[in-house]
Every structure is written in C-alpha cells, then in structure tokens.
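Engineer: Quick one: structure below, then a few questions.
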Amino acid sequence: MSNIKSTQDSSHNAVARSSSASFAASEESFTGITHDKDEQSDTPADKLTKMLTGPARDTASQISATVSEMAPDVVSKVESFADALSRHTTRSGAFNMDSDSDDGFDAHAIFESFVRDADEQGIHIRKAGVTIEDVSAKGVDASALEGATFGNILCLPLTIFKGIKAKRHQKMRQIISNVNALAEAGEMILVLGRPGAGCSSFLKVTAGEIDQFAGGVSGEVAYDGIPQEEMMKRYKADVIYNGELDVHFPYLTVKQTLDFAIACKTPALRVNNVSKKEYIASRRDLYATIFGLRHTYNTKVGNDFVRGVSGGERKRVSIAEALAAKGSIYCWDNATRGLDASTALEYAKAIRIMTNLLKSTAFVTIYQASENIYETFDKVTVLYSGKQIYFGLIHEAKPYFAKMGYLCPPRQATAEFLTALTDPNGFHLIKPGYENKVPRTAEEFETYWLNSPEFAQMKKDIAAYKEKVNTEKTKEVYDESMAQEKSKYTRKKSYYTVSYWEQVKLCTQRGFQRIYGNKSYTVINVCSAIIQSFITGSLFYNTPSSTSGAFSRGGVLYFALLYYSLMGLANISFEHRPILQKHKGYSLYHPSAEAIGSTLASFPFRMIGLTCFFIILFFLSGLHRTAGSFFTIYLFLTMCSEAINGLFEMVSSVCDTLSQANSISGILMMSISMYSTYMIQLPSMHPWFKWISYVLPIRYAFESMLNAEFHGRHMDCANTLVPSGGDYDNLSDDYKVCAFVGSKPGQSYVLGDDYLKNQFQYVYKHTWRNFGILWCFLLGYVVLKVIFTEYKRPVKGGGDALIFKKGSKRFIAHADEESPDNVNDIDAKEQFSSESSGANDEVFDDLEAKGVFIWKDVCFTIPYEGGKRMLLDNVSGYCIPGTMTALMGESGAGKTTLLNTLAQRNVGIITGDMLVNGRPIDASFERRTGYVQQQDIHIAELTVRESLQFSARMRRPQHLPDSEKMDYVEKIIRVLGMEEYAEALVGEVGCGLNVEQRKKLSIGVELVAKPDLLLFLDEPTSGLDSQSSWAIIQLLRKLSKAGQSILCTIHQPSATLFEEFDRLLLLRKGGQTVYFGDIGKNSATILNYFERNGARKCDSSENPAEYILEAIGAGATASVKEDWHEKWLNSVEFEQTKEKVQDLINDLSKQETKSEVGDKPSKYATSYAYQFRYVLIRTSTSFWRSLNYIMSKMMLMLVGGLYIGFTFFNVGKSYVGLQNAMFAAFISIILSAPAMNQIQGRAIASRELFEVRESQSNMFHWSLVLITQYLSELPYHLFFSTIFFVSSYFPLRIFFEASRSAVYFLNYCIMFQLYYVGLGLMILYMSPNLPSANVILGLCLSFMLSFCGVTQPVSLMPGFWTFMWKASPYTYFVQNLVGIMLHKKPVVCKKKELNYFNPPNGSTCGEYMKPFLEKATGYIENPDATSDCAYCIYEVGDNYLTHISSKYSYLWRNFGIFWIYIFFNIIAMVCVYYLFHVRQSSFLSPVSILNKIKNIRKKKQ
C-alpha cells in the first residue's frame, strides 16, 4: 500500500500537474493511444485534455465529438480508469489511486476537473450521510392469506362479514426488526441476505418508500440529521430507490429513454454554461459509454412481449436512467440481476466512482456478489429473517464470524460466505469444538450481535456522526443547490428540477415518440375510422331532405358520436402505471404532467382519424352542405370526442385494475348511448334518471349538431300525409296533416326547428351555449384526471405475499396459529424460501439418456435496417448425456439467441446442422427437450403443485400411469424445496410467489416433463442468491449424473459453481465462439488454454469465470487487443472440436435409435382428447379463482340491467313506448361492447403465456387455448346474463307471461351470450395486441350496430347495403328481442303524439278516415268529431314491427340463423389464429405493408 495516495491534497496536486503541456509530453499519458510527440497536429487525446484542463473550457458537444473521435481507444481504457477509481474511501472521504499506474486514460483528472469547475463556479454538489437507528417495519401477515373464488360471490353476505372481521383483526408481522446502519457521504453499503431476509424492505425504508407497510415503520432514519419525514417533503428527489424489475416504455428507444430522464433533471445553472441540448447529449453519452449502450441507441427498449434490447442491456438502461435522476442517496435493489459477471463488476465500479467523486451514498443489495464486487464496498450489513446480524467494515466481517466459530471455505467469495450463514440448511464449515456453540437461528445470531463489541462500536459511531454533522448547514447547501438547479418557473418548495410546463412539454414529446414507435396501433386506428366512415356514409348515402330522412339524419350524427365514444374505451390502459410510479419515485416529473402530456400527444393522431372520418361521412350521407353546418358539426364532434375520451381516461386514473375500469366504463357507455336524447328524448325520461342527460357531454354536443343540421330546413312531407291515396289526393291540403312530429294542420311540410322543439325540446339559441358547456366538461375531466393521477396512491405491494388455495391444509395450519411468535418474521416477499433450500437427498435413478445433441456451423441472421445482421457466426458444439455444458459470454453476446435457435424457437435465416444421434431433429424434439426461460410466466390463479401437475400430464407420454407422473411431481417439489408453498397460488408480481419461488417453479415445470433429450436453461440462477443458485446447480448436477444432457447459460457464477460444469461454450459479441471444451478440475484445462494463448496468469484466489471474461474483453466498456475468436479458429482445441463433432455424427448416425414404448416421434406427447380435458380443467380453475374479473363482470351485468330497466321503466302503450322498447333491446346489445373488452383483457394473458412458453414446448395443441377459453367464459356469462334479464326485462312491464319471458331469456341469455363471447375472442385472436383488438372490436361493433336497422331503417338504406342489413347478426337479435316485446301489444297514443287535422265540411272524422284506415295502420281517437280529428299512426305493436321491417313470425327462423353465426365465430376464431399466429402471416399487417412500400422505394432509388 506504500504506492497508494490517499489524501485529498495529493489528489489535487496530481490534477494540477495534469496540464495540457505535461499531458501531451508525458510518455505514460494515454498509454495505448500512441502518437509521435513531434507531430504538429493534436491527437484526439490532446484535444480532450486541452478542453478539460486548459484555460478555456470547451462546450459539452465539442467534448462529446472529441470523445467519439477517439472512442475506439478511449473505450478500451474505461475499464482501467474504473479500476483506478474503485479504491475505498478513507475516513476523510478521499479516494485512493496508484501513483505508479500507467493507465492511459486519467479519468480521475477528468472527473475531478468537472467537480473543481463546479466548485469554482459556485455550483453546489449535494451530499449527505444516512443514520438508521432501531428501525422496524411491519406488514400484513401473509402466512394466512386465502385466495378468493367465485364461491365467495355465491356466499356474498358471509364473505362481506368475514372481510369486515378480518379487517378489524388483521394480523401483523415483523418484516425487519431493529436494524441499525451508518453510511457517511461517499460510502457504499452492501446489504446481504437471502431472498426473504428483508433486504428489499430495508432499502425501501431507507429510501422513504414506506407507504406499503400496513403495520407502519418505527425507529429513526435521518440524512445528515434531517428527519426522514422532512427529507421526503423537501428533498425527495435526492433519495432514489431503484427496484429489481426493469419497467420501461417498450416502444421507446434507448436514446429516447435516457434523453427524457436527463432532460427532466437538466439544471438551470450548468457547468461552463453549456446549452440544454449539449448537456443532455454529453450526459447521455457518458452513461451510455460507461454501461456499453451506445450501440443500442436506436433500438427499442422492449419488454417480455415486445422485442428490443437484451435483458442485460435493459438492466443497464434501468441503471443509467436511475443515475440520470441525479440523486445523492441511492438504494439499489439487486441491480446486477441479469448482468454477466464482467458487467456486474463494471456496475459496482461505476457506483464506486460516483460515491468517490460526487460523495453520493449508496445502499446496494446483490444476491451473487463476487470477491471483486465485494471489495468495491466500504461496509456490509447482513440480514437474516428480517433481523440484523452484522454491520461494519467489509474487511472486518469475515473475522467477526470467524470469532463466532464459522470458517470461510477455500475459494468461496466473502459475500457468498456471509449469505450462506443465513441458510439453516446450507453447508457450514465450523471450527472444531464450536459445533454446539455457534448461533444457528436468526434469533441466536441477533442476540450474539447485540451483545458484541462491534455492535457497541457501531452505536458509538452513529452517535459521534450525529454530533459531527451540521444539519442546518446541510439544509442550506441542499436549498442553495436546488435553487441553482431549478428552472425559472419551478416553485420554490418543489423538489422537481424543471418547471411543471417543461415537464408537460417533455412528456408530450415522449408521447409522440411512443406513438411513433408503436405504428401498428396508430395505423389500425386511422384505417378503422376511414373504413367505418365509408361504410356508414354509404349506408346513409344522400339521405332524403324530406321528413322521411329526419330520423336518419339524427342517426348519422348519433352514430358519429357513438363511434368515437366506443373508441374512447380503447384508451383505457394500465400497462404503463408501474413506469409512472417509478418515475414519480425518481422525482422526474409530476404524474399529472404525464397525464396532460399523453393527452396532448395523442390529440393530433386522434384528429387525423376523426377528420378523415367526418369529411367522408358528411359528404356521403348528404348532411346540410353549407360551410356553417359543416364546421359547426365538425367542431362539436371534436369537442364531444375529446370530452368522452377524457371521461374514460379519468375513470382509468382512479381505478386500481383494468377490470374495474372496464366495468365502470361499460356503465358510462350505456349512459352515453341512452341519454344522448337520441334513443329516449327528454320528455320521455323518468325523473330519477333524467339528471344523467345533463351531466354527460354527449347530450349538449348532439343538441348543437342537430341544430346545425335542421335549423332553417323545410322538410317536405313524403308519404306521410294523412289521409292520402285514392280520392284523398284530389282534396286540398287543408284537410290533411303531415303525420310527423312538429307538423301543423294544413301544411305539407315540417320546419326543422319545429321538429327539434317538439321531439327533443331543443332550441337553436342553445347551440353556442353548449359549446361553453362542452369546454367545461372537457376541462373538468382533464383536471380530475390530472388530480387523480397526481395523488393516486399505488396499490400496496412491493413485498410478495403468499396466497394459499382456499381450503388448503397449508392455509389452515397457518390460520390456526394465534401466537405472533409462531409467525416467521421474514420479508413477505419470501416467507418460506429459506426453508428447505439446501441440498436435497432425492436421487434421480430413473433418467435414461436418449441421445447426443450436436450443432454444427450454426448461423442465425435477421433483417436489420434494410440489410442483414448476423447474430450467430458458425457456432459448433455438442451435449453428451450425463454432462453439463455452460454457455457464457457478456450481455448481448448471443447466449439466449443460441439457446433459442438450438431449441427451435427462433424465426429467421438459420443455417447449419442440428442433429440428435447424428440424425436431423424430428417433430418430437420440442416436447422431448426442456427449456427454462428467463421470463417466469405462469398462470396466476393456479397453485405451484397444479402448475407442475399440468406440465407433467401434458408433456409426458400418455401411456404412463397418472400416479407415476404425480409421484414424480411430488419428488420435484421436494427436490426444489417447495413443500411449504406447493399449495400457494402463483399470483402476480407483488402478490404471490416472489422472484426465487417463480424461478424454481419455472425450473420445476420443465423438470416434471422429464425431458429425455436435453434440458436448456436460460439464466436459471438470475435473481437468486448464491445459496439458492448453488442448490439449483446441485440439482442440475444430480440430473446430469442420472444421464440428463444439460445446456445452461449463466451470468455470474462463483468459482465453486462454475467448476460444477463439465464443459464451456464461450461467446463474444457477434455470436462468435471464443472457446468450446472441457473446464477441467479446478478449471485447469480452460485456464491453461487462455494462459497459453496470451492471457495473463490467473491468480489462485481469482474466480476463473471472471478471469476468462476479463481476458476476452467482455463487459459493457472493456476491450482487448487480442482477437480471441481468431485465436480459437487457429487453435488445436478448435480442430479437436471439429473432429469430435464429425466423429459423433458418423458414429451415431450408424446406430439404431431407441425409443420408449409408446413414445413415437409425434409433435405432442398426448392425444387431443386428453389435452382438451386437462386444459379445460386448468382454464376453468383459473376462472373460478379470478374473483376480481368475475366481480367486474357481475357488476357490469347487474348495474347495467337495473340501469336499462329503470331508464325505460314501464314503457307503456304509447308510440314513444314502442320506440323505447326497441331502444331498450338495442342498448342491451350495446352492453356487449364493454363485456367483450373484459373478455379480451382476460384472454390476452393466456394467449401470451401460450405463445411465449407453452407453444414452444409443444405442450398441447394451439386450438385448445381458444376453445377452452370460450367454454370457460360461457357459464359465467349465462349466470350473469340471467341477473341482467331479471333486472332489466321485468321493470319494462311489457308482458309477464312465462312463454314470452322464456323466449326472451333464450334469445338474450343463451343465444346472444354464445354469440358475442365468440366474437370478442375471435377479434382478439386475430389482432397483434390488446389495444389493436380494442380498436378492431369498436370498428366491428359500430359496423354491425349501424346495419341492424335501428339508426337507419332498411327502407332508407341504399340498395347496395341492404345485404349488410341481412348479414349483420345484430339485425336478427334486435328483431327477436323487439318482436317478443311488441307482438300483439295494443298502442294508445298520448295526446302530444296524435296528429290533428280537420275533415271536409259535413263529415265526421270516422267517416272521412274510413277508406284510408282500411288500407293503412292506425286509428282515429275521436271518430264522431267534426273537427280536430286525432290520428294515431299505429294501432298495435305489430304495425311498428312492420315499419322496422320485422315480423314476429321471423322468431324461429332467426333462432336458426343465430346458430350459424355462433359456429362461424368459433370456426373463424380458430382459423384467424392459425393464419396470423401459427403460420404468422404478416402480409395483412399495416406496418408490414408500409415497410414493404419503403423497401420498394429504396430499391427504385
């Protein structure tokens, strides 16, 4: 250590000596970036040095350009600069640096110059230490949670009573207990513990994320003396919690994601007064260079379902985004998950740099920390079942436990050793004589710690630090620094950096980027609007200007409003809410700013569709073709569309789940449909619901649009003069009346204003008053949405609570435990993970090797930016039964790509040979191999045991006894240590199994299939601690010893774990092989290869896995001069591998293959009928336990039924009553829209699970996903439609006789449910994603509703479209429902519905009308009168049926037609899924069409 400088003065002197002249002259400066000292021109290194250390500072853009110019050399030096800065801070906070180092890129001087510049220019850098004293946190006791089912609804009163009782007597449990810590500014604290130890909870408490702890948090957390409550109120932006999961907007690129985060934190006062643009670019390039993301700038971030960057790169994006938040205190929760060993080390070094130079404070949990990573930290704390068992300097931890009696095994990393102590079933090396003295349980460890001198010293250090810090000074620095950073219009007390309107601007810009990134949704939206406008416009083509077209004109305008109301349903989305919560935690922007920004960004795209829609519809339908009318209707349609869209978005902002939002939106949709005043006019509304029309924007828009259309219009009476025909035509019009609303005796026309006043109570002077009202609605909804979004608290979560199957023994056992002492005091995210995690004594003696898997010269190429990109480059290898092959390489090297290619899961240009026993793979390959994916995707409502049982039944041969399969499942449960939670529901992330338990389940699902060829595993230890990882690898070793072939990618193996593998395939970026061959005992074989080919000698204390990754230049920023791929191609080992591969092919191809009896080379292991049985059971079970989904469905039907029933209560016998009966049936059908949205939201999860995991393993036939989903939906729809029938039909008070009621029930509750469930699923299964399905569904519904004869009578339809009236299934449902209600129903017109006229002198009304009534419908109310004859147009309900082109006699004909549509939906559902997802035909995709057009243009150019 004599050559290490540790004082601040020496560091400053070193920087001062780094002038541009000495830098250029020094032979040691920028080693590896060689140049002739006599050259006249400056090298890039010289330029950069002058910029940073010369008297005149250059701008960030010039620096960035210069770094780019020298990038090939500079990047190769970043790792060495990280090493230099990865020394420990001393008590004084200075960093250490080797003075003899010949590192070329003097990063310390560069970073120090920035810090010095900030100091010279008076720019403060915030920093604070953290003191944690006796902190405890309580949560709901998750050990006795029971999953709810549909049975809870059937016993609703008892369920409500139990819920109230449970709420009052809610059991709490200790999550963390009496934790203490001290982190001075500039220190890094490593938090160790197994999953479930409370590490995540400790970090959340430290970061102030305490809302989720139902039992509250006690103790004291302070930041340089500032209490946590005050810190969260005034300086929340400085405390950052970075969660374990990577949630991002998938359609944004990496560059856009980072730019946005940096822009939100761009200070007003910047070093050297660089511009905002330059600041953002330089920061982004800095983070991207450190984490190796520059090559991904233009790649989408993606997620589990949207292709983007790799999982490791996505994790690095998360880290860079968190750093962009510019916190002074960071809490990193398992931030190295998914990173390879080299990149994980670089991450730790990067955090070390930030703490050294910026004096930030970091708390980090890492489940698999290598010795190199461990040594970058200052202090370490160890948690065991929520209890703290050590806190202190890292080099004192091992001696502390050695004094206790525990010894660290040779070559075991210190972090691994410390974590292993908290595993009661793990292997522990104990000093002789201490076997009965060492602590074993969490309580014993805690007692030892509390009585230790180390604990007493820690308490003294905390007390001394609290005395030392100047809290007021810290506040002053924070206030001054934040004032310097805040932009001009940011509130003084706000902890956000940029002003609110700047946040809105940035969120709007990001909204445009998101929409552009997801082109398919936008294209589908606009195209559907254009298609619908052509169809509807042609349906109402040249609507007559006479009275016969008045109702149709209203129908055109109503349809336009209804269509964009339905489109508003598609805007309900919850997938981005976790991202919003994360960014809120980072203090990037107000959630309300995103609410406004997303609205503003989507508005232009909505306007494009709406404008195209309206222009086509307006001119085709023949509306009032004046400029005033055109622009007025367009304006009000736009205002109403935006207002209703705001209404639905407001609803989604206040709801917790998608099902809740869909249910409420469904009720609102019915209200919008009914109370627009088109279906039921104001005079006909009942007083208890009439107020609804006044609180919805559509009523005001519809009034103004009708006024614009009918004001000043003279409508001739067409075919409605009464009486007419025969001798009546010779009489004067003085003896006739126009049988139309608003008519006057003796007039052959009706004024538009009179029609509106009498029919709707509308007056023209309200037109522009309504404009103001609509503005109020629009602004009101937006304001409410903004408020709800800003202050909406997330659903309490973060700690995964286990939920047991109802009635399970495990649940009953825990529920009976009264004493709190019996409750495991461990983190809710893993209550039972620490139990039974050690090595299990189960033996696999029944695995028999079935073949050798060989791949030779495998290449994989994909289209990329108009060209091709090779992801795998002539990779060869083999897997022999009884061996384990590790697949390693840095993130993005192609490990997962190779695994997917070998497992037949990639689609692209694949060349090379993949053989089993020397022969090409057959149809049974996928099901005879197991594949454990990185993504842990499962059915949330199944238990662990049920998930395993289903996999075993589907993937093992059918001829095997079921008892044998189930016994093997139980064996796997024991081997994986899952007995304690085998009856627990899988659940969702945050409420169910935790990361480790999900990973074990993913492995178990493949193991129970007992693959007899090969087991692929993609990062099986990702997210697990070292002990769980060891247990998993030991399990794989047992499988290999029993004859299993295993190929496994692995990121961060310890030395002991790495040496468990027999063979290694090492890849570098570009999918190029660097090594394939044996590892050897103590890694001797592979180390010999690398040392012999030019790598430095590996020290005996080093981890061989990290050593070889370092040697080949793996990592985000590392680089080496040697071309290890070229060395491999020229090596003896490569020739031996080629020979071995060819020998295996030659020898094995001559042998006869052995196959298990009954195990034919078929695609599936079981028959279709067998699959159908168990897939249906699984899907039905999932539905039965989905209480939230079922409750949402029930509320939609129940409330919807009551709503319709009491809106049209007692329709009566009047003319309006006839219309109301028809509209009641029409609205009942419209209710299917939100119901289908619910169906699609539910079904998409099962589709994604099948496509991502189950289809890849050939578990069962793809059609069963569709069919079982359909069959499982039906019982609930039949049940809840019965509730709807009772609550809607009988309040109408039409006919109560059983025959009519039964027929109505048959049509609506059975036939209609069978129809629309299939329709909703069919549309979903043809769509690329859920939002697109919602749009297409809206298009189809509006299409069918338009042609069912309600809004436009068939008599007025153009001849071309009458076939669509016949083709629309809703036509026949409306005919039957209305026919049942109106058949033989007598009509008695109300006084205002009668048409009055005078007969000729000397005639009574009856005598005068007798000839007319013999041919026409209706009746005279006063036949003996001689004046003011009162005529009613209908006499019986069947007259009205005839008017709408329907007859009661069509009832059973239509019933047969229903079956045709039902079967068509089912067949079409299967066919479209096969076309678009099995065959993956993409030629119909709008984006594919656009891309093909672009490619054609490029070729022409």
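Numbering starts at 1 and runs along the chain as displayed.
Cβ coordinates come from backbone N, Cα and C, glycine included.
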Engineer: With Swiss-Prot as the source, identify the stretch among 664-680, 1310-1326 annotated transmembrane segment.
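Structural biologist: Checking Swiss-Prot against the ranges 664-680, 1310-1326, the transmembrane segment one is 664-680.
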Engineer: Consult Swiss-Prot and report the residue, out of Ser64, Ser136, Ser275, annotated as phosphoserine.
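Structural biologist: Out of Ser64, Ser136, Ser275, Swiss-Prot attaches the phosphoserine annotation to Ser64.
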Engineer: Among Ser29, Ser61, Ser732, which is annotated phosphoserine in Swiss-Prot?
Structural biologist: Ser29
Engineer: Swiss-Prot annotates one residue of Ser20, Ser80, Ser113, Ser652 as phosphoserine; which residue is it?
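Structural biologist: Residue annotated phosphoserine in Swiss-Prot: Ser80.
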Engineer: If I look at Swiss-Prot, which residue among Asn571, Asn730 would I find recorded as N-linked glycosylation site?
Structural biologist: Asn730
Engineer: Just to confirm: which same-chain residues, 6+ apart in sequence, have a Cβ under 8 Å from the Cβ of Asn334 (N-linked glycosylation site)?
Structural biologist: Ser200, Glu244, Thr365, Ile366, Tyr367, Gly1023
Engineer: Only counting partners 6 or more residues apart, tell me which same-chain residues put their Cβ under 8 Å from the Cβ of Ala893 (ATP binding site).
Structural biologist: Leu1067, Arg1068, Lys1069, Gly1070, Gly1071, Ala1114
Engineer: When DSSP is mapped onto helix/strand/coil, what comes out for Asn874 (N-linked glycosylation site)?
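Structural biologist: Reduced to three states, the DSSP call for Asn874 (N-linked glycosylation site) is strand.
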Engineer: Just to be sure I understand the packing, how many Cβ atoms besides its own are within 10 Å of the Cβ of Lys895 (ATP binding site)?
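Structural biologist: Other Cβ atoms within 10 Å of Lys895 (ATP binding site): 26.
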Engineer: Please compare the recorded positions Asn874, Ser891 by how many other CB atoms fall within 10 Å of each one's CB, and tell me which has the fewest.
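Structural biologist: If we count Cβ atoms within 10 Å for the recorded positions Asn874, Ser891, the smallest count is at Asn874.
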Engineer: At a 10 Å cut-off from the C-beta of Asn730 (N-linked glycosylation site), count the other C-beta atoms across all protein chains.
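Structural biologist: The answer is 6.
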Engineer: Report the nearest neighbour of Glu890 (ATP binding site) in space among the glycosylation sites Asn273, Asn518, Asn730, Asn1401, comparing Cα positions.
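Structural biologist: When the Cα distances are compared, Asn518 comes out closest.
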Engineer: Would you kindly give the Cα-Cα distance separating Asn730 (N-linked glycosylation site) and Ser891 (ATP binding site), rounded to the nearest Å?
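Structural biologist: Just about 93 Å between their Cα atoms.
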Engineer: Among all protein chains shown, how many Cβ atoms are found within 10 Å of the Cβ of Gly889 (ATP binding site), not counting that one?
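Structural biologist: Result for Gly889 (ATP binding site): 25 other Cβ atoms within 10 Å.
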Engineer: Residues other than Gly889, Glu890, Ser891, Gly892, Ala893, Gly894, Lys895, Thr896 within 8 Å, Cβ to Cβ centroid, of the ATP site?
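Structural biologist: In sequence order, the nearby non-listed residues are Ser310, Gly312, Asp340, Thr897, Leu1067, Lys1069.
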Engineer: Measuring CA to CA, name the entry from the recorded positions Asn518, Gly889, Lys895, Asn1401 that ends up nearest Asn874 (N-linked glycosylation site).
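Structural biologist: That would be Lys895, the closest of Asn518, Gly889, Lys895, Asn1401 to Asn874 (N-linked glycosylation site).
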Engineer: DSSP three-state call for Asn518 (N-linked glycosylation site): helix, strand or coil?
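Structural biologist: Looking at the DSSP assignment, Asn518 (N-linked glycosylation site) belongs to neither helix nor strand, so coil.
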Engineer: Could you tally the C-beta atoms, other than its own, that fall within 10 angstroms of the C-beta of Gly892 (ATP binding site)?
Structural biologist: 27
Engineer: Given a separation of at least six residues and a C-beta threshold under 8 Å, show me what packs close to Asn518 (N-linked glycosylation site) in the same chain.
Structural biologist: Tyr251
